[in-house]
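Novice: Marked as domain 'P-type ATPase N-terminal' by TrEMBL: 35-93. The transmembrane segment annotation in TrEMBL covers 286-311, 331-353, 1034-1054, 1066-1086, 1116-1137, 1143-1166, 1178-1198, 1218-1236. TrEMBL lists Asp401, Lys402, Thr403, Glu692, Phe734, Arg774, Thr854, Gly855, Asp856, Arg950, Lys956, Asn979, Asp980 with the feature ATP binding site. The annotation compositional bias 'Low complexity' is assigned in TrEMBL to 629-647. Per TrEMBL, the feature domain 'P-type ATPase C-terminal' maps to 1002-1236.
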Amino acid sequence: MPSLTQDHGGGMAKDLAKNRRVVMPSWTEHEEIKELQKSYSRNKVRTTKYTFLSFIPKNLFEQLHRFANLYFIFLAALNFVPIVNAFQPEISIIPIVFVMSITAVKDLWEDQRRRKSDQKVNNRLCDVYDRKQKRYVERRWAEVCVGDLVRLCCNEIIPADMVLLHSSDPNGVCHIETANLDGETNLKQRQVVRDLPQGSEFVPENYSSHIECENPNNDLRRFRGFMEHPGKVRVGLHSENLLLRSCTVRNTETVIGIVVYAGHETKAMQNNSGPRYKRSKLERRLNMDVLWCVILLLLMCLIAAVGHGFWLSGLQNPIYMIPDDTHPALAAFYMFWTMIIVLQVLIPISLYVSIEIVKLGQIYFIQNDLDLYNPVLDTGVQCRALNITEDLGQIQFLFSDKTGTLTENRMLFRRCTVAGTEYPHHENAISLEQYEDQGCGDADHSLTLRSRTSRKSLSCKSLSCNRSSVSLNTLTAESDTHSVHDTLRRHTPGAFSGTMECAVVPDPQLQAKLNTLSSAMRSPPRQQAAEISHILDFFLALTVCNTVVVSSPTQPRHVVQMPVVRTPLRSLEEMKAMFQKLSLPRFPSSLSQNTDTPTSLTKKLFTRGRSASYFPNNSPQTPIMTLQSPTTPSGTPSYTPSTPVTPALSSGAWSEDVDDIQKAKVNSADESESDDEDEAEELLYEAESPDEAALVQAAKAYGCTLLGRSPEQVLVVVPGTGPLSIPLLHVLPFHSARKRMSVVVRDVFSYGFSREVMERTQRNLDQYAREGLRTLCVAKKVLEEQEYEAWLKRHEYAETSIENREELLLESAERLETNLTLLGATGIVDRLQEEVPETIEALQEAGIKVWVLTGDKQETAINIAFACKLLRPTDHILMANCDSKETCEARLHELQHEIRQVTKEGVSEDDSSDCVLVIDGRTLDYTLQKELQGSFLELTCCCRSVICCRSTPLQKSQVVRLVRDKLKVMTLAIGDGANDVSMIQMADVGIGISGQEGMQAVMSSDFAISRFKFLRKLILVHGHWCYTRLANMILYFFYKNVMYVNLLFWYQFFCGFSGSTMTNSWVLIFFNLLFTSVPPIIYGVLDKDVSGETLLDLPDLYKSGQNSQAYLPSTFWMNILDAFYQSLVCFFIPYFAYTGSDIGVFSFGSPINGSALLIILLHQLIESRTVTWIHTAILLFSALFYYAFVLLFSLTCVTCNSPTNPLGIETKMMSDPLYYLVCGLTTVLALLPRYYTLEQCHRRLSAQDYSTSLRQWKENKAAQRLSSRHVPQNLSVNADMPHLTDCIAEAGAVLS
């Protein structure tokens, strides 16, 4: 401890705390570190907003941030001023108290739900080491602190972010499930910190290291720091050493970790932002119209004030007024504020609350639409943003990812090229097509994990085994059979491994070459021996270079214990000896020691209770091989031919005691009968990406089977021999900048490649891309020991760095991944999702420009674009591939000129109908620079669609932001993976697809769907409905408020602009607050201007939302003018009817209020396109509620409206037939223009536009089908379509 004191004494700990965190065991005696750790957040979480004491003041403070609430509170307070009050002060506070109380109750209910959830989480128990008691004791999660050592068992949830110190797994491995954190249910591997002792028992007292790591942040995939041992030895810490809060331990019986982040500082809580709130375009327009209403209110009040001043000036000592010395100008000033109070209803106080209620209703119907429900995943639409539903109806640009969004993200191994020789796998393609034709493809949709009863029970059972495996990224490896139909029907599917993924039928030519490994025939020529060596290296790379976890089928959430093998393992040294002996990779067909088949070996791998030991031999003379991963699409690097290297030796071997071997033989003999009776045990592969799954399954089809994996080695089966142990030195994970992953292992014998081989491979790669396949390269590099040691020293420095760690690790990986030797390449087909072509076609017909932003090669993207009808046969493809900024600028101008030439020739009716821009990532970088943004946007506006290839996640978000901000359009982005998150968050509306790549995109989105085809109805139907409903409801609110307020304004011309009203204050307040507020809400939730079937059949109807036709400035002012007209009719017909009579002021107001209610309710009935029993019931209820209230008020009220007395007024007026005549005539005359205008519009639409549009649309669609017969319609775009390349060439002019 003295060294630590010296390092951190004198306030150094406080300085370190600013940039990084220092963590030691909680019982440390170092006072400064102890005080520092006390300042860290405790593990108690509180997601509530309020406490018992803070609720009222805090909630009031939040509500006062709304301008409307401040406005009405000001008016209520103003009404308490005697000189300007308009009616009883107590009544004036009712509306604002009512609205704010509803909001407060809603907030309190939501907060109470959060409080109960917090209590449940904080009261969970876990085992924490107590140094005083020298044992682990149970503590509540809320009591856990930074520095505590926590012990967890299998299936327990992790209480805080912990660095893994110990695992009961002998390899120091722990597997966790992160479903609670990011939705991914595949197992993720975590490792104990390097150099920590791994024995049968972990002694907390012996742990004396300290940790320095970065401060808390929300990056789930990054953790930077180091652990310093007492001997000043530093070991780098990374995300593989961190157990995150809310994850679940799944495979290890016991793990121990030290808490580094607790409570709200954990990464899970840092990412817990809840539902997203955005401001919709319609809401921004609403705020502008509210300002117009404020201006109108001020104008009306000013007219009343001026009128009152002139009226007072014209009076000559009236006997009905109490004389005072107030000047008319001052009286006019007072009257201005009085009229503000009287006409306050012009600003709709209940509008904002009504909008929230309507949006909740719209979300309810969207989420419960059975057409958007996926029975396979048992999920519907998720609405995560609660206030932008109407934006779905105004989308103008759609940005889509390709892989997993337009395609299935279910990779099927299609073909490969090895050592320059192409193997087309025709039988594999034919068998898959036959399987699809037989209708067996649907079998993949019922995803269940087959679990057999194990003869031997395990002490650690998974709680998640009863889950539907549709969410488990579980891969099932079959026995070594090549009967595709048998395999398809016996296969146990998983998320990344359906029946077709695992049923790979080997290419006969390639299979025959591999079979020579176990052939006893004469040795082939040396040239063929070299080729077979390359083939073996190729399949070993596919098997080893991945992060696939091998699990047991009887316990699908548990990793295979490595090793439990009953046969002697072959080492790389034995392979090398065979290489040298026969000058080719030759293995004996039968070995006296090896009597087990791979199938029986697989079964014995899962036998618990037996152990073997692994003794690595770090021979400095052993060259090392780096295998480049094929798990990401990559371009063609510049390869450098390498000369043949000397034979390389494996440095590891498995060994068992002789007694154990003899026991194994006895046990094997005893169990042989029962083994033969049971079906051959299967392996479960759990992969983090479908590419890995497809390639591991392909390698297995050729006999290279992955049997197990640990941090130190990989266990595989090679054709012609038993299990092979390959020491695993380093894993360089995938990075979007490098576009690859690599593993460093001890090398086997290998040859170099000639330039001719690389050129042939390049040609095959280009052909794969043209056929729509994902091209993946496989390469290796042989390192000498000195070169490896030099690289390792710099790499360890990068691993232990806290600042700039990512950059240093990237530089280190790129330094290693140079001068690679190409082994071969694979072609993987990613099939289109169902109904993608129809969906894109409908969206384009709706006027939405669809852009595809993908990381794939241009040829692949173009091919998929044709298959999904993004590209048409008549389209001109504009290619933009530039190497410099100057070239890019010239190319943009050239393409603009080309488009002008095309349109001048009259090829199309509009500029953007037949031009599609295809641009690569490097050129996109140039166009995103400020100088070229204008030219790029000008070019894209002339194109019907844009395809951005080789684009990075950052470029995707930059493109979306550029189009959104510069063109001022509504944008939507859709994707399924973590690389789409930035694009989704940048768009006005972000949609995530809950696909094969976890839930990062869903968690960052505004809406989540499970299939791309659901986008069609979500946008064209629900989007249109939400926009038109809300727009019409808002306009209706403005109309009814202006209409009713104008009645009070017209009365001022007959009362000397005194601020008097012809109705009692109770009716005045409740008229808009209660009597007429519910019908608009029902109108906004249920009204359908067009049926869903029609909207799907006529996508052109969606353009009305894009052009904001339902809520134009002209529409707003037409409603205001209509409100003025109706208010004139509603006021002056009763006025003339009762002129000369002796009725009082409130009696005069009775028919005006009754007529206004009927006009407002029937106006909505006229505007409604859908009238159901719910509409009718609500309208009748509103009318009856009004009359019941006023009658009860008239019968019981004596002093409730001081100083007037409304007793008996309503009953007297309603007993007069003239009352009903006036109300009826007023209502008819007021609504006649509105009814006549809408009836004419409906008649024209029904008789002409609708039928004509429908007929024209059907004719156009038939013509399009006729013209697109030569476009590949197959959803599976693969090499079995030889006409595809010709079709693309003939489809349109490629301008390059």
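Placed from the backbone N, Cα and C atoms, the Cβ positions cover glycine too.
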Novice: Quick one: mean pLDDT on the domain 'P-type ATPase C-terminal' (1002-1236)?
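Specialist: Mean pLDDT, the domain 'P-type ATPase C-terminal' (1002-1236): 88.
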Novice: To the transmembrane segment (1116-1137), which of 286-311, 331-353, 1066-1086, 1178-1198 is linked by the most Cβ pairs under 8 Å?
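Specialist: Looking only at 286-311, 331-353, 1066-1086, 1178-1198, the most contacts with the transmembrane segment (1116-1137) come from 286-311.
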Novice: Could you tell me what the rest of the chain brings near the transmembrane segment (1178-1198), counting residues at least six beyond its ends with Cβ under 8 Å?
Specialist: 1064, 1066-1067, 1070, 1074-1076, 1078-1079, 1082, 1150, 1153-1154, 1157-1158, 1161, 1164-1165, 1205-1211, 1214
Novice: Could you tell me what the rest of the chain brings near the transmembrane segment (1143-1166), counting residues at least six beyond its ends with Cβ under 8 Å?
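Specialist: Sequence-remote neighbours of the transmembrane segment (1143-1166) are 1036, 1039-1040, 1043-1044, 1047, 1060-1064, 1067, 1071, 1075-1076, 1079-1080, 1083, 1126, 1130-1131, 1133-1135, 1137, 1175, 1179, 1182-1183, 1186-1187, 1190, 1204, 1206, 1209-1210, 1212-1214, 1219, 1222-1223, 1226-1227, 1230-1231, 1234-1235, 1238.
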Novice: Report, as a single number, how many Cβ atoms besides its own are within 10 Å of the Cβ of Asp401 (ATP binding site).
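Specialist: Here the count is 30.
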Novice: For the transmembrane segment (286-311) and the transmembrane segment (1034-1054), decide whether they are in contact, meaning at least 3 CB pairs lie under 8 A, counting pairs 6 or more apart in sequence.
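Specialist: Contact confirmed: at least 3 Cβ pairs fall under 8 Å.
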Novice: Quickly jot the same-chain residues contacting the transmembrane segment (1034-1054) by Cβ under 8 Å, restricted to those at least six beyond its ends, or write none.
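Specialist: Non-local partners: 282, 286, 289, 293, 296, 300, 304, 307, 339, 342-343, 345-348, 350-351, 354-355, 1060-1062, 1068, 1071-1072, 1076, 1080, 1083, 1111, 1115-1116, 1119-1120, 1122-1124, 1126-1128, 1130-1132, 1135, 1152, 1156, 1159-1160, 1163-1164, 1167.
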Novice: What span in Å does the ATP site cover, taken as the longest CA to CA distance among Asp401, Lys402, Thr403, Glu692, Phe734, Arg774, Thr854, Gly855, Asp856, Arg950, Lys956, Asn979, Asp980?
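Specialist: With Asp401, Lys402, Thr403, Glu692, Phe734, Arg774, Thr854, Gly855, Asp856, Arg950, Lys956, Asn979, Asp980 as the binding residues for ATP, the largest Cα distance is 25 Å.
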Novice: So how many of the residues in the domain 'P-type ATPase N-terminal' (35-93) end up helix, strand or coil by DSSP?
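Specialist: Secondary-structure breakdown of the domain 'P-type ATPase N-terminal' (35-93): 29 helix, 0 strand, 30 coil.
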Novice: For the transmembrane segment (331-353), give me same-chain residues lying six or more residues beyond its boundaries with a C-beta closer than 8 angstroms to one of its C-beta atoms, as numbers and ranges.
Specialist: 66, 68, 71-72, 75, 78-79, 81, 83-87, 92, 95-96, 99, 102-103, 290, 293-294, 296-297, 300-302, 304-306, 308-309, 312, 1034, 1037-1038, 1041-1042, 1044-1045, 1048-1049, 1052, 1057-1059, 1061, 1068, 1071-1073, 1077
Novice: May I ask for the residues of the chain that lie six or more residues beyond the transmembrane segment (1218-1236) and have a Cβ under 8 Å from a Cβ within it?
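Specialist: The answer is 1122, 1125-1126, 1129-1130, 1133-1134, 1137-1138, 1150-1151, 1154-1155, 1158-1159, 1162-1163, 1166.
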Novice: Including all protein chains shown, what's the count of other C-beta atoms within 10 A of the C-beta of Thr854 (ATP binding site)?
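Specialist: Excluding its own Cβ, the number within 10 Å is 25.
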Novice: If you count other C-beta atoms within 10 angstroms, which of the binding-site residues Asp856, Asp980 is the most crowded?
Specialist: Asp980
